[in-house]
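Okay, so here's the structure we're looking at.
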Amino acid sequence: MSSGGCTVVWFRRDLRVEDNPALAAGVRAGSVVAVFIWAPEEEGHYYPGRVSRWWLKHSLAQLDFSLRSLGTSLITKRSTDSVAALLDVVKATGATQLFFNHLYDPLSLVRDHRAKEALTAEGIAVRSFNADLLYEPWKVHDDEGRLFTTFAAFWDRCLTMPYDPESPLLPPKRITSENVGYGEVRGDVMPELEDLIFFNAAIDLDIIALVQFWCHYTVAIETSFNKENCEVFRCRPDALVLEDDSEKGSNALLARAWSPGWSNADKALTTFINGPLIEYSKNRRKADSATTSFLSPHLHFGELSVRKVYHLVRIKQVLWANEGNKAGEESVNLFLKSIGLREYSRYISFNYPHSHERPLLGHLKFFPWVVDEGYFKAWRQGRTGYPLVDAGMRELWATGWLHDRIRVVVSSFFVKVLQLPWIWGMKYFWDTLLDADLESDALGWQYISGTLPDGREFDRIDNPQFEGYKFDPIGEYVRRWLPELARLPTEWIHHPWNAPESVLEAAGIELGSNYPRPIVGIDAAKARLEEALLEMWQLEAASRAALENGTEEGLGDSESMPIAFPPDIHMDMDHEPITTNQNTVRRYEDQMVPTLTSSLLRVEEEESSLDLRNSVDSRAEVPTTINQAPTRDVFDQGAVHTVQNNANLSQNIMVGIRNAEDSTAESSSSRRERDGGVVPVWSPSTSSYSEQFGGEENGSGTSSSFLRRHPRSHELMNWTRLSQTGLLVMFPQYKDHKLRGGANAAKPDLILIGMVIYAIILRNPPFQKTNTRYLRCISTLIMYPVESYL
DNA sequence: GTGCAGTTCTT
DNA sequence: AGAACTGCA
């Protein structure tokens, strides 16, 4: 190979252009081919969950966007074997070097080693860098060169290392790209538009992102329609199928609370450092506060460099220290500690590669876990009977997010009260958390489970009732996520099982039907835990004896069986077939899932109130009345009322979208706006909408078969034939808009809007039956962000 | 300085 | 649960 060959920069969990050492080195060396390989099968049990893939998808899109503005683009490949895919890329481009940044989870360590060997054997120069940590795991050890086994000592050493973490690198000014590999992956225009639709439907918070997408797509659409062919999109990251159709509806909601991508990450960091950081230590106690950094998903995907975080935060700390601001200084220490825990999780993972599947303390492997899928399910669904735990689990399910405190509460409950194997809980976190991170979560669960040298004592049980009053003193958080308890006085909110009958009645709660009784009593749990520990020590002693007698071979820690994985969990685990049994109440409970409402969507007043008759009525058709009362009563008050009205409309739309995607879905996601602008409502999810719009009750009817019959019906439309005046007839409210100056220039914009709306209609049979007024509501929803941009 | 009660934190 | 820390007499 000639020395002038280009460099392949292999992106993984370092999806940023700033402070990316591999990219920077590649740019320095000449021209660059940026590659991302999607090979989730390599992750085995840890196939990324729905929300995690959603994040990745958008993060990749933004990385691609940035790379494009620098002169290259991101080539994405779908593969089942990353190393083979890399070899392909190298061969196709004639690259002579491969650069990438380190990862520290066991799977990546093995894979990256393999990549290094395979490519080196082909004569490729392979170099790897540290982009994920302040200090590489092999650089931190005590004075005798031994590894640390407790966090405090580890972190102390990190903070007193003789040299500072590397300073962050600036983004490259431009990237010389190698014009090979283009055209290899060809998207067509319609899948792109689908993304746009969901993007738009969910965007109204993030104008910046909209502008980016808007420019990007407008150009693309103009070109494609002038040419009458759709090959403008090449090598788009979206060509990877990171979310399937049944997931898009739920995912659309995530975009309201989160903005993936490295430049958004950067903004989030700035916002945090200039805002909540100073109060970090004061506020960290509340479960519901919006004062955490919200940076974890950004950090997981490497959109943000920890070194940059570290340096910026330290600068603030020095500043506050000089001002004598004790609280601010303390806040920074605390925040850095959580960065330190992330650091430590990599350290542990690297040095003890089995830490994600095996307790670090040997004797714990003898603990007799309770293998009870019923408990497991109750926990996942937030039906354990302990309000704080249930509220947390429902928030997790609905939003993919949990405050750290609540993570501790629910996982500690899982391990200590239910005594389910922690690996199950970890797997569920992996599947549902937006910031799912193997190393961090393994560390967290090991800590909670007491399987670390410095973890919690194993025989300690935290009482969710007391924790409840500690983290959620007035029950605000519980009421938000468990509307069925909303009318319960604060005195009883964290222990409804003690409340007098009259109080429960007044609150509309019937324990055991409306809201469950505690699944396990704390005292019973304590007794069982003691027994289990006794058994564990006996087993351990027996095993040691057996080992000493040599009657058992190879029972060393390194060879013991890891705990088995849970039976398959699906994100949509609530999708049980609707049984036709007579027990309506039970049935209703099982299907109780969150749905979204939002106050953020702007709808013209009159329109919404009219159309809401429909949706409210349809809700009344839900086959139970038990929960109707509390839900309504809570929200049918004053100002909240209008909020809910608007919210219902959006809910209707979202559910409509979802039903079209997956008509069996009884569930739709819900979310919480960080600053509380949204009222979530728990409602029975029985397919009232598909009923209303002509589906059978089990939803397997119209909508899905419509899509089956017309899988790509939206492609049949030739958009160039839509006249501008035609569009203005459809959407007269925009006739006064000066769209990008000049009538001709306006056309692509209107076409785009038209396409979006039309595609929504085509994809959603419910809307086909609605009138034009409703249509205009929808267009208003979609146009709102466009208007702000224009 | 001492003793006590209440609080806060534990990776 | 227990150590460490607070405020107060």
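Glycine is treated like the rest: Cβ placed from N, Cα and C.
Bear in mind that TrEMBL entries carry predicted annotations, made automatically and left uncurated.
Going through A:Tyr280, A:Tyr310, A:Tyr347 against TrEMBL, the one listed in the FAD site together with A:Thr292, A:Ser293, A:Phe294, A:Leu295, A:Ser296, A:Phe335, A:Asp435, A:Ala436, A:Asp437 turns out to be A:Tyr280. In the predicted model, residues of the domain 'Photolyase/cryptochrome alpha/beta' (A:5-134) average a pLDDT of 93.
With the fewest other Cβ atoms inside 10 Å of its Cβ, the least crowded of the binding-site residues A:Leu295, A:Ala436 in this structure is A:Leu295. Checked against A:Ala436 (FAD binding site), the recorded sites A:Trp369, A:Trp422, A:Trp445 differ in C-alpha distance, with A:Trp445 being the nearest. Straight-line distance linking the Cα atoms of A:Trp445 (site 'Electron transfer via tryptophanyl radical') and A:Phe335 (FAD binding site), rounded to a whole number, equals 20 Å. A:Trp369 (site 'Electron transfer via tryptophanyl radical') sits 34 Å from A:Leu295 (FAD binding site), taking the Cα positions as reference. In this structure, the C-alpha atom of A:Tyr280 (FAD binding site) lies 29 angstrom from that of A:Trp422 (site 'Electron transfer via tryptophanyl radical').
Within the same chain, residues at least six positions away from A:Ser293 (FAD binding site) with a Cβ under 8 Å of its Cβ are A:Ala268, A:Leu269, A:Phe272, A:Pro276, A:Leu277, A:Tyr280, A:Phe335, A:Ser338. Neighbour counts of Cβ atoms within 10 Å were taken for the recorded positions A:Phe335, A:Trp369; the minimum is at A:Trp369.
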